[in-house]
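Student: Per TrEMBL, the features are:
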DOMAIN    12-94  domain 'Shikimate dehydrogenase substrate binding N-terminal'
BINDING   S20, K21, S22, T67, N92, D107, Y226, Q254  shikimate binding site
ACT_SITE  K71  active site, proton acceptor
BINDING   E83, G132, A133, G134, G135, A136, N156, R157, T158, Q159, S160, K161, L224, G247  NADP(+) binding site
DOMAIN    120-198  domain 'Quinate/shikimate 5-dehydrogenase/glutamyl-tRNA reductase'
DOMAIN    247-276  domain 'SDH C-terminal'
Amino acid sequence: MNITANTRPLGLLGYPVTHSKSPQILNEVCRILGIPATYMAYSVCPDHLKEAVNGMRVLNFIGFNVTIPHKVAIIPYLDELDETAEEIGAVNTVLNKDGKLIGYNTDGVGYLRSLQEETAFSLKNKIVTILGAGGAARAVSITLAKAGAAKVFIANRTQSKAEELANVLGTFTSASAVALLQAHEKIAESHLLVNTTSIGMSPHTEVMPVPADYLHPKLLVSDLIYRPEETKLLLSAKQIGARTHGGLGMLLHQAAVAVEHWFNETAPILQMRAILENED
Ligand code: ATR
């Protein structure tokens, strides 16, 4: 890339950021779209978050991504939140609009686009069970509820957290909470099951969030985990003839939506997917 005095910065704020593929993907996006910008990953410890955000403001960043552990903590340092970020209570994308830092959350819409593109699943009159009640569960469940799911069950190890999230969801649709290992009946009624927990993630690939006999063939089983591409949960679902949906698409589409916020242009999805799928 030809860096000149007009090249503007973009970046990722996280802690740590060493395994992120965002720099590769976003620099390629800028090259393809002809945008004079360069994207770097910044490992910033929580104590320095405020200074980092103000630094990005004065250095006139186009925008930046935000990842663990800063997605909630960054909110007081921004000037505005869009409606979805406000509802989710977390930010993963910031746009610098003429000096005003606006926070967005593209995780939920990224998930929904991936689900629709890869499975054509329609949410109308559908019952959904979400495994987990953390940040990812919040983004996905609020998005699915707003997109028309008829009923959402939140199944979590810590039931009080499931109840908190179900209360929030109650504004958008019918919602209730259950303990993770008591979710059998709720899953039996469901059309879509989404794992948002880290159970089954590499290197602990032999475990699954719920026993295999909770699954049934009419279920679409979706896992936000993208490494391995097929978790034990998805393999078990396939074995009984259920449809499956892996986590790579969400990662891709949440980045694509960020690109749209920053550049007001459609993201080059195919090239972005090729980088993500390239194991290294
Ligand atoms: P994220 O932002 O990825 O959603 P998070 O906010 O830390 O991460 O949430 C992690 C979720 O995975 C939680 O729902 C957590 O359950 P608890 O609320 O009971 O902690 C769930 N989780 C993580 N490890 C788990 C495990 N070993 N067994 C059951 N649930 C687990």
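Glycine is no exception: its Cβ is also placed from the backbone N, Cα and C atoms.
Any TrEMBL annotation is an automated prediction that lacks curation.
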Student: At the level of the C-alpha atoms, what whole-angstrom distance separates A133 (NADP(+) binding site) and T67 (shikimate binding site)?
Tutor: 18
Student: Just to be sure I understand the contacts, which recorded positions have a Cβ under 6 angstroms from any atom of ligand 1? Candidates are K71, N92, A133, Y226.
Tutor: A133
Student: Enter the number of other CB atoms within 10 angstroms of the CB of G135 (NADP(+) binding site).
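Tutor: Cβ-Cβ neighbours of G135 (NADP(+) binding site) within 10 Å number 19.
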Student: Compare the C-alpha of K71 (active site, proton acceptor) with the C-alpha of each of the binding-site residues N92, T158, S160, L224, Y226, and give the closest one.
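Tutor: Of the binding-site residues N92, T158, S160, L224, Y226, N92 has its Cα closest to that of K71 (active site, proton acceptor).
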Student: Based on Cα distances to N92 (shikimate binding site), point out the closest of the binding-site residues E83, T158, S160, L224.
Tutor: E83
Student: I want to verify one value. Collapsing DSSP to three states, which class is Y226 (shikimate binding site)?
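Tutor: Note: Y226 (shikimate binding site) is coil by DSSP, not helix or strand.
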Student: Report, as a single number, how many Cβ atoms besides its own are within 10 Å of the Cβ of N156 (NADP(+) binding site).
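Tutor: By my count, 26.
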Student: Looking only at S22, T67, N92, Q254, which of these binding-site residues has the biggest number of Cβ atoms within 10 Å around its Cβ?
Tutor: N92
Student: My understanding is the cutoff is Cβ-Cβ under 8 Å with a sequence separation of 6 or more in the same chain; which residues meet that for D107 (shikimate binding site)?
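Tutor: The list for D107 (shikimate binding site) reads I88, A90, N92, A136, A139, V140, M250, Q254, given in order along the sequence.
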